[in-house]
Amino acid sequence: MKNCEYRQIDLRALRTPTTRTSTNKTLQRVRRKWEVFPGKNRFYCDGRIMLARQCGVLPLTIVLIFMTSGLFFRFDCPFLVHHLTVFIPVIGGVLFLFVVITLLQTSFTDPGILPRALPDEAADIEKQIDNSRSSTYRPPPRTKEILINDQVVKLKYCFTCKMFRPPRTSHCSLCDNCVERFDHHCPWVGNCVGKRNYRFFYAFIVSLSFLTSFIFGCVITHLTLIRSEAGLFSYQLLSSTGSQRVNGIIQAIKESPASVVELVICFFSIWSILGLSGFHTYLVASNLTTNEDIKGSWSSKRGEESGNPYTYNNIFTNCCVVLCGPMQPSLIDRRGFLPPDDAPPIVTSDTELPHFMAKKDTNMEENCQEFAHSCTA
């Protein structure tokens, strides 16, 4: 009988599939839902902050607000405090903080995104649509009709989210999400404006109107006082020498060029901001959205007169419902955890292992057969 030839066998090559499965389970990383969110959004701070993917105008908004306010506090406030009152920077500071806070709340808040239908839910909806098919060869209808305050409202089917949109819901093409009570997509705040952040958006544009008007008035007052002082000086100089006159406007510009920059920015922005605030005040008082007003959903723009089924026929009640109603929780649960079965493991195949380990796995049966044959020979 020949002596048995012993070979050293790598224990890693003898691991069983159950060991591999248990190892993979331990290597799985718990993931949050925002990591696999299907919409076109960006998430920061572990899903606490969300923005639209196309938010390039938001930094410009922040720069304009901070630059104009910074020039005002640096160059205009000291002069106005000395000549008028100390409450000018206090009022400006309160308005500035309110504008910044409401802007960030509008930009970082979930506007009311509806989660997309699960595969089982989408299949059930498709089955219901197919069952409603008529005897003709026309495709089944993709709308539903419901009654709201004795008025027929159509619900449209969303082919992206695979569901019938609730009333006042629309699909934003830029964010690729269905947003509840969709108003519009605002690039200046970098987010959609919907049910959950409309109150912040309205507070932002109204407070920005007050801040812009306040700075605009203070800058004009500053330049006027400088001109008056320069005019008084030129009058005294002319009466004493009779040979020199100083232009008050040019002197004011020379003494405070930053005020001229603020004046130009406020002059070209105040009209659009005031107009936007007035338009949204009308929408709030009527319980309408920008999307509904542009499409003429409840007006004679579509050829037939139909009233707004969502209005309470009272301006005060409409304002309270839109701006002071309860804050609904977010439906997408972006910081929630995915089930373990849905989270892919970090190591899933032998291709992610080192080359020599995969090679020993493929030759495991051959090594065992040679070892058994040498022992029985």
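Cβ from N, Cα, C; glycine included.
Long-range Cβ contacts of the transmembrane segment (57-75) within its own chain (Cβ-Cβ under 8 Å, at least 6 residues beyond either end) map to 51, 89, 92-93, 96, 99-100, 103, 107, 187-190, 208, 211, 215, 218-219, 256, 258-259, 261-262, 265-266, 269. As annotated by TrEMBL, transmembrane segment applies to 57-75 (among others).
Positions annotated as transmembrane segment by TrEMBL: 81-104 (among others).
Taken residue by residue, the domain 'Palmitoyltransferase DHHC' (154-295) breaks down under DSSP into 88 helix, 19 strand, 35 coil. Feature annotation from TrEMBL assigns domain 'Palmitoyltransferase DHHC' to 154-295.
Sequence annotations record features per position, and here TrEMBL assigns transmembrane segment to 200-225 (among others). Packing against the transmembrane segment (200-225) from elsewhere in the chain are residues 65, 68-69, 72, 76, 79-80, 83-84, 88, 91-92, 95-96, 98-99, 102-103, 105-106, 109, 183, 186, 189, 193, 252-253, 256, 259-260, 262-263, 266-267, 269-270, 273-274, 276-277, 280-281, 284, 322-323: each is 6 or more residues past its ends and has a CB under 8 Å from a CB in it.
The annotation transmembrane segment is assigned in TrEMBL to 260-285 (among others).
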- Item | Same-chain residues near the transmembrane segment (260-285), Cβ under 8 Å, at least 6 residues beyond its ends | 64, 67-68, 71-72, 76, 201-202, 205-206, 208-209, 212-213, 215-216, 219-220, 223, 253, 293, 315, 318-319, 322-323
